[in-house]
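Working notes, beginning with the structure itself.
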Amino acid sequence: MSKGTVALAMSGGVDSSVSAYILKERGYDVIGIYMDLWRDEREEYCNKSAAEDARRVAEKLDIPFHVINIEKKFKNNVIDYFIDEYLSGRTPNPCVACNKTIKFEAFFNAAKEFGADFMATGHYCKIEERNGRKVIVKAEDDKKDQTYMMYNLKQYQLERTIMPCGEYKKDHIREIAESIGLDVYNKKDSQEICFIPDNDHGGFIKRNYKRKISEGNFVDKEGNIIGKHKGIIYYTIGQRKGLGIALGKPAYVIDINPITNEVVIGEEEDIFRTELIAKDVNFIPFDKLEKPMELEAKVRYSAKPSKATIIPLENNKVKVVFQNKQRAITKGQSVVFYDKDILAGGGIIEGIV
């Protein structure tokens with residue numbers, strides 16, 4: 001007897017491909033769906049090979065397969081946001097935006113239109129029930145854990161979402177793929193932003209932003225001009241390489257001012273801070289933070305969680321006070337909270353105190 005119908009987001013990669021197999025083995029009726037998201041004016045990013053890989057896997061596993069076009073919504077909610085953030089002197093996190101508006105909104109709704117009871121992805125996260133609520137738990141494979149990107153999810157989404165890969169090590173996923181004859185078993189993991197395969201975000205913005213990127217001044221902490229920069233989109237907090245200025249000592253980006261079009265340069269000690277303000281906060285194990293709470297937090301995907309006090313503020317904001325200084329806290333990035341192995345929530349870094 002079927003456990004229900006699952007609409008699976010298929011990318012043509014090994015994780016979503018093996019997810020299809022696991023779900024089918026567990027007794028679900030699986031529908032494979034590939035999302036056509038973006039075409040750069042220079043090349044087709046959502047290329048035919050990825051879609052064809054997904055289609056071949058679906059045929060191999062004998063599951064229905066569909067391609068849906070979400071290009072317009074992806075442009076409005078991910079591409080435009082990505083460009084606007086860099087133009088505003090912030091460093092965006094497009095994967096967080098994509099999960100919030102595309103995978104767990106547009107795809108979530110598409111799954112219902114296909115008659116699915118659940119949706120599934122190949123993300124490395126676990127969804128469990130604790131104290132009567134659905135929570136997101138760190139993956140078995142700590143190196144592949146993707147919970148950092150998931151803090152925006154709501155209860156109604158978690159109740160209808162399955163993430164099979166969270167229970168496995170990546171090597172095991174590849175072994176399963178090879179054992180069942182999927183030719184994507186050794187396909188490389190994507191390391192860059194999916195719509196910028198060459199990892200040149202500045203070039204991407206120049207191609208897709210129809211106005212000139214203005215050069216400006218590098219200034220020191222006192223406001224003295226110390227050089228020329230090629231446009232604020234090319235810089236982020238903590239950056240040292242590629243500045244093109246010689247000061248006789250290591251120089252770091254410590255602030256970006258979009259109003260004056262200035263990039264502020266300082267020393268390494270200037271990029272270590274302990275406090276920040278985050279906006280658009282969402283919590284998962286509970287609806288609202290009523291009082292200060294001791295949790296662990298991290299300010300980028302690759303960072304290790306560090307002890308911090310999360311203090312509720314008005315307008316869905318929090319103040320985060322770390323016990324230890326954090327390197328290069330960056331406006332526009334996400335600060336994400338953990339309670340041991342549980343993803344407690346997160347928000348967008350708005351200010352550095």
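Note: Cβ is positioned from N, Cα and C throughout, glycine not excepted.
Note that the structure is a prediction, hence the values are computed from the model and not measured.
Within Gly27, Gly89, Gly115, Gly122, the residue that Swiss-Prot lists together with Ala9, Met10, Ser11, Gly12, Gly13, Val14, Asp15, Ser16, Met35 for binding ATP is Gly122. For the recorded positions listed here (Ala9, Cys98, Cys194), the lowest count of other CB atoms within 10 A around the CB belongs to Cys194.
Annotation note: Gln333 (site 'Interaction with tRNA') sits in a coil segment as assigned by DSSP. Listed in sequence order, the residues of the same chain lying 6 or more apart from Ser11 (ATP binding site) and placing their CB within less than 8 Å of its CB are Tyr34, Ala50, Ala54, Gly122. For the pair Cys98 (active site, nucleophile) and Ala9 (ATP binding site), the Cα-Cα distance reads 13 Å. Between the farthest pair of Cα atoms in the ATP binding residues (Ala9, Met10, Ser11, Gly12, Gly13, Val14, Asp15, Ser16, Met35, Gly122), the distance is 16 Å.
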